[in-house]
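First the structure, in the form of structure tokens, and then the observations on it.
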Amino acid sequence: MVQLAHIFKKDKDKEKPNLDSSRPRTSFSASRSPSTKSPKSPTKSPAKSPSKSSKPSYFSHSRSTSSGPTNFKFSRSSRDQDTHPLNLPPDELRRRLSAMAASRDDQRSSMDIDPQEQQNGVNGKEERSPTPPPHRPTAASADEADSFKLAGNKFFKDGNYRRAIEEYNKAIEINPNSSAYLSNRAAAYMSAKQYLNALEDVQRSNELDPNNPKILHRWAKILTSLGRPQEALDVLSRVQPPASATDRAPAEKMLRAVTQAEETLAENRGVSMVIFCLDQARQGLGSSVKEPRKWTLLAAEAQLKLNNPNSIGKAQDIAISLLRENSQDPDAMMIRARAFYALGESDQALKLLKMCLGLDPDMKPAIKLLRIVQKLARTKEEGNNAFKAKDYRRAIDLWAQALEVDPSNKDMNAKILGNRAQAYINLKEYDSAIQDCTEALRLDPGYVKAMKVRAKAHGGADNWEEAIRDYKSVAENNPGEAGIAEEIRRAEFELKKSQRKDYYKILGVGKDASDQEIKKAYRKMAIQYHPDKNRDGEAGDEKFKEVGEAYETLIDSQKRAAYDNGDDLMDPSDMFGGGGGFGGGGFGGMGGMGGMGGASHVNIDPNILFNMMNGGGGGGFAQAGGNPFGGQSRGGGGFPGGGFPF
């Protein structure tokens, strides 16, 4: 109604104010001429019959604006004045208004929202180009595309794959739906070692020309080059007539190698064969193609199962390369955790296992290994604490429990065995210590500590030749090992001591026997071998003399100390650079220092010599005119003849 009133008001404003109301109503149209010339005189427009007009005469009014003067045209309407809405009866007016409203409502949505503007056939405010019709090359453009293809073929035959790809690109730009062009470009991509691009093209080519044998063969070759042999064989199975054995051979060889690697690893047999099979599979990969992730994980698993320092290091390298690609890779973290655990670094392993479970709480291998590492670390630490408290028997028992947690962890178990061997040595159970060290070296042949502990155990059991052999093995394999040269000299000296008369053995007492035990043993042996009761002749007499000599040496604390230190084995020529004594003068006649009872030459460590001379019974030598054990009682004494004290 408002719209009608507005229109009527405009018409009324444009009527002449002094028109006679008795005259018929007129309709007019006012228009401005676009010309800048002088205005034309107004002319009357011919009257229109209501029957010939689709709209009432008041809709014929039009107005245009220009820089020129305004011209008005008036035409009288010959229609019945009752056709004007304001002259209609109220019922008819309401009927027409209702009809107009209903017509307008039909154009609205159910949500009463005005339809969006349509511009260029697209809804919205932005102008967009209409969707073009499907591309259909003309005869001329098809010929041009073929010329690009032929040029690409020539470059391909010449081995210039980059230029071939460029020419095929031009052909495909003209006709993107040509399976031949796409297949040719796939071949060029494959020859240029761009296998992923080749795969995309050949798949699109197959969509356009399904089951084309040439395309399928090319597709299978690309898949094999990417390390996807099963998919390649699936594609070849669609070829008709069936693909030849020669065509299938590369994919079958690759698949067979990978399958054998998986089966061998699962059965835990011939782990080195896994690595060999994977190497065979890699030979079928395209140049510069990265091996499938599945193969990488198989290789890491095989290296871990080889379980030697070199293979564990390779497994670490694989894990690190995977983590560079994805720092949140739980599989790579698991590999690294297992490597640390195999190297005995439980703390690092625990840290990585917890990170794994943070990324994948349901990762069963990580859960299982975490429990093992925690139990092993706890039991081992309890054994260490017992050892520090000198509760060696409890330490041995706890370490025995730790060895049962994971028998497959060679490195960790070797360390535990080495620790337990040291506890056995402290309990003087040398044979058990030797056995543990030997087992530790079987698990870890390069375990230096186990070799040194075994040498020590051999020495404790008076197996000095074996001790020297172990020490020299350490020196040969680890030239920089601290203190090993001194250990060898000491063991050689102990060997010399063991080859002389063993006074302790003659009396049948231990090296830590007390004076009372020595006296008791002497009485027993003296009665047994006394000449009055001896029936063995000269042999019995010799035995009786040995018993007396042993008793005389061991019952005297100074002589016993000198004997224990091996002073009687010292060669003066070694002590003083092979000289024959101090020849008189200020050092008082150590001339000759002869013989020392016929002792053979030995290499004497300077520290041992110093201890012997300064605190272990220095003083004169029998051949130089002094008591060989006299120095100690005088607080270090000197050589006879006024020599300087040591």
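Any Cβ shown, glycine's included, is placed from N, Cα and C.
Here is what TrEMBL says about this protein:
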REGION    1-146  region 'Disordered'
COMPBIAS  8-18  compositional bias 'Basic and acidic residues'
COMPBIAS  24-64  compositional bias 'Low complexity'
COMPBIAS  65-75  compositional bias 'Polar residues'
REPEAT    145-178  repeat 'TPR'
REPEAT    179-212  repeat 'TPR'
REPEAT    330-363  repeat 'TPR'
REPEAT    376-409  repeat 'TPR'
REPEAT    414-447  repeat 'TPR'
DOMAIN    502-567  domain 'J'
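Outside the repeat 'TPR' (376-409), and at least 6 residues removed from its termini, the chain residues within Cβ reach (under 8 Å) are 307, 341-342, 344, 346-347, 350, 416-417, 419-420, 422-424, 426-427. Summed and averaged per residue, pLDDT over the repeat 'TPR' (330-363) gives 93. Within its own chain, the repeat 'TPR' (145-178) is flanked in space by residues 135, 137, 184-185, 187-189, 191-192, 208, which lie at least six positions past its ends and keep a Cβ under 8 Å from the stretch. Break the repeat 'TPR' (179-212) down by DSSP state and the numbers are 27 helix, 0 strand, 7 coil.
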